Structure formats: structure tokens, C-alpha cells
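Everything below concerns the one structure shown next.
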């Protein structure tokens, strides 16, 4: 009869029946159950290439390419002429971003079956990936980060499980200020590989660029724990710590009213990392506040301008600059800033600030009765009277009767203006309306003319 002992037969039959059940689940797209049955088949009969091939296919469907690669390699170790095994091995290599290794597998398929159209196509895909890698490397050197993201997106279409490509893409997104996108790429990698130093570095980088410096340092430290010689994480960690310390020292000096020291500290902090746009915008705005305290209003304006150049959504910097414009009587600029603020955040407060600035602008364009009399805006009734007498005498026609017609005309005009100014400023009701700009709003009794 048959030389096979019944046990051997039954174990092979058992393995085949496990495989059949696995195939049924695979057909129903229940890959987890299919995986379990192929595993039982392998445990029962560990030298069968097709069982490993089937389990590799299942793992690929589950997106577990690293494990699938091991199974595919085992399948061709057991049977070197197993075409589907070589194809799967190549496919796993390519998905993981190893285009060179993938090419070798597809070439092996073509040695076994030179008409295999799938292998021909996959070979093309592998060389496409290599090409994008090369371009991206050159573009990164040139700091053309947008182009690197483009290349990596193309490469990831063929290599969806490649961490290297994802990390390069995420780093470039962070450098382009696209933090939420960079964050989500890094988080995806950390979900699958929680100790990936590059992904930890990118998470830290996003937090650092978003001015969450303390949290960022934690990620850099973690990255360095996983990979002590990670140069980028090392540099970023140093910068983040230095920036945090300087900024805090500056804030402390400011709170204590030591504005000169605060100015120096903010200036030093601005020199630490030109790539950190968000923090630097805050530092400029803080230094602008210091300058306005020191009454260096033009410098304060420059600082705020630098802040909004770096971060055009930075309301606080616009408000600070607008206030400085008001204080230096540059009302047109103040109105422009308050308009921008009100467009961005339509609050009652912002509306009021805008109205005030518009009013001051209007007032600045009419005759300034205080200037005409040469008195301060807060002058008392008495001071206004005295000033009027003095100016009226100065410009009185009798004083200039011997002058040329031109001078006479000029002095007469000034004399009239002085009278006009006194008429308004000596009458409490008219003065109040002039001061508040009501006369402008009603456009009725506009004594000054335009």
C-alpha cells in the first residue's frame, strides 16, 4: 500500500483544509481571519511555499508590508521558481520605499517569465520612485521645499509605507509653515513606530515653530534618546532652550519696568533662529512695546511692521502699531491698521478704535485752532484768552500797514484765523463740539472750512 504514514497524510490534509478556509475568508475580504488560518496551515506544514505566499498577500492587504516582506522572502527561499512570491517580495520592497531591492525582484520574475506584464509595469514604477528620490535630494539642498513635497507625494503613490519619504515630506511641510499637515504625517508614523526618532523630531519641530517651545523640547529630547547622534534634533533642542530662556528673561525685565534691559534681551533672542517665524513675530512685537514705553515711537513702529511681515494675522502687533501711529499723529496709517484689525475681528472695541482714528484723521485735516493760537489742547480759558490777545496784536493790520501788499494780505488772513479760533475756543459749547469733532459729523457749522 501507501508508504505514507497516516499521521503525515493527516497533517498535510489538515494544512490544506486550513488553507482552503483561509482562501474562503480572503475571498470575503476578511483578512484577519484569513491570516489566522494561513498561520495555522504554516504551523501544521512549515515547508510549503504557497502558504507563506498566501499569508504575504493577506498581510499586504492589511498594510503590514514589513511582515509581508518576511513571508514573501520565505516563500521564494522554499521555492525559487515561485513567480508570485518574487512579485510579492518586490511589491513589499517598493511599498516600503526600497526601489533598488524591488527592481531586483521584478528582474528575477522576468527571468522566470519574460512576458510577465505586471513585473514589467512594476519595474517602471520602481525606476520612477528612484528618479523622484534623486530630484528631491537636489531640491532639498536648494531649499525648494515645495518641490520636495511634490516629489515625495509622487513617490508615496508607489511607496505608501515608506517612512523615509514621509519624514522628508513632513520636515519640508514644517519648514513651509504647514504645521497641521506636517503634524499629521509625523503622528501617522508614530502610531506605527512609536520610537521613530525622525518622526519625534518633526513633531518637536512643528511645536517649536508654533511657539510651544516647552513641549517641543520634550520631543527633541525623546528623539535624542532614540538616536543620540540625531544632528537636527540636537541643534533644534539647543535653539529651543536658548530661545525660551532669552524670551522669558526679556519678559521678566519688562514686567519689572527695566525697559533698557528688556530691549537688549529681546534683541538677542531675535538673533537665535531666523527660521522660527512665530516666536520672532512675538519678539518683535514685545520689543515694539518696549520701544513705545521708551517713547521711541518710530522704532516701535518698525518693530511692529517686522512682526506683521512675519505673521500677517498678528492682531496684537497691528494694534500696537496703530497706537504708535496715533501717538505720532500719522492718522491715515492708524486708520489703515485699525481697518485691518476690524476686518479680522469684528468686535465692538475694534470698531470704536477705528471710529476714533477716523475722527482724528478728519480733525487733523481741518484748521487746528489750538495751533493757530499757539496753545496746548488742554489749555485753560485764561491761557486761551492771553494767547488770543498776543496773536491778535502780532497779526493786527495796523502793525503791518507799512509792509508790501503781499505781506499785508498774509497777515490779514492770519488775523482773521486768530479771531475765528478764539470765537470757537472761547465758547464752551462750540469748543466742546470742536474737540469731539461733532462739528465735522454734522457738517453743519463747519467754521474752519475744508
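Cβ coordinates come from backbone N, Cα and C, glycine included.
Because TrEMBL annotations are produced automatically, they should be read as predictions rather than curated entries.
Computed from a predicted structure; not experimentally measured.
Sequence-distant neighbours of the repeat 'TPR' (15-48) (same chain, 6+ residues past either end, Cβ-Cβ under 8 Å): 54-55, 57-59, 61-62, 78. Summarising the annotation, TrEMBL assigns repeat 'TPR' to 15-48 (among others).
Per TrEMBL, repeat 'TPR' is recorded for 197-230 (among others). Sorting the repeat 'TPR' (197-230) by DSSP state (H, G, I as helix; E, B as strand; all else coil) yields 27 helix, 0 strand, 7 coil.
Annotation source TrEMBL lists repeat 'TPR' at 243-276 (among others). Only residues 6 or more beyond the boundaries of the repeat 'TPR' (243-276), in the same chain, are considered here, and those with a CB under 8 A from a CB of the stretch are 175, 208-209, 211, 213-214, 217, 282-284, 286-287, 289-291, 293-294.
Residues annotated as repeat 'TPR' in TrEMBL: 281-314 (among others). Sequence-remote contacts of a segment are chain residues at least 6 beyond its ends whose Cβ falls under 8 Å from one of its Cβ atoms, and for the repeat 'TPR' (281-314) they are 211, 247, 250-251, 254, 259-260, 262-263, 266-267, 269-270, 320-321, 323-325, 327-328, 344.
Across the repeat 'TPR' (315-348), the prediction's mean pLDDT works out to 91. Look at TrEMBL and you will find 315-348 (among others) tagged as repeat 'TPR'.
TrEMBL lists 368-438 with the feature domain 'J'.
According to TrEMBL, the feature region 'Disordered' maps to 427-450.
Marked as compositional bias 'Basic and acidic residues' by TrEMBL: 427-436. Residue counts for the compositional bias 'Basic and acidic residues' (427-436) by DSSP state, with H, G and I taken as helix and E and B as strand, are 9 helix, 0 strand, 1 coil.
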> Under an 8 Å Cβ to Cβ limit, what residues of the same chain, 6 or more beyond the ends of the repeat 'TPR' (197-230), are close to it?
Replying inline: 163, 167, 170-171, 174, 177, 179, 182-183, 185-187, 189-190, 236-237, 239-241, 243-244, 275-279, 282
>> Counting by DSSP secondary structure, give me helix, strand and coil numbers for the repeat 'TPR' (315-348).
In response: 28 helix, 0 strand, 6 coil
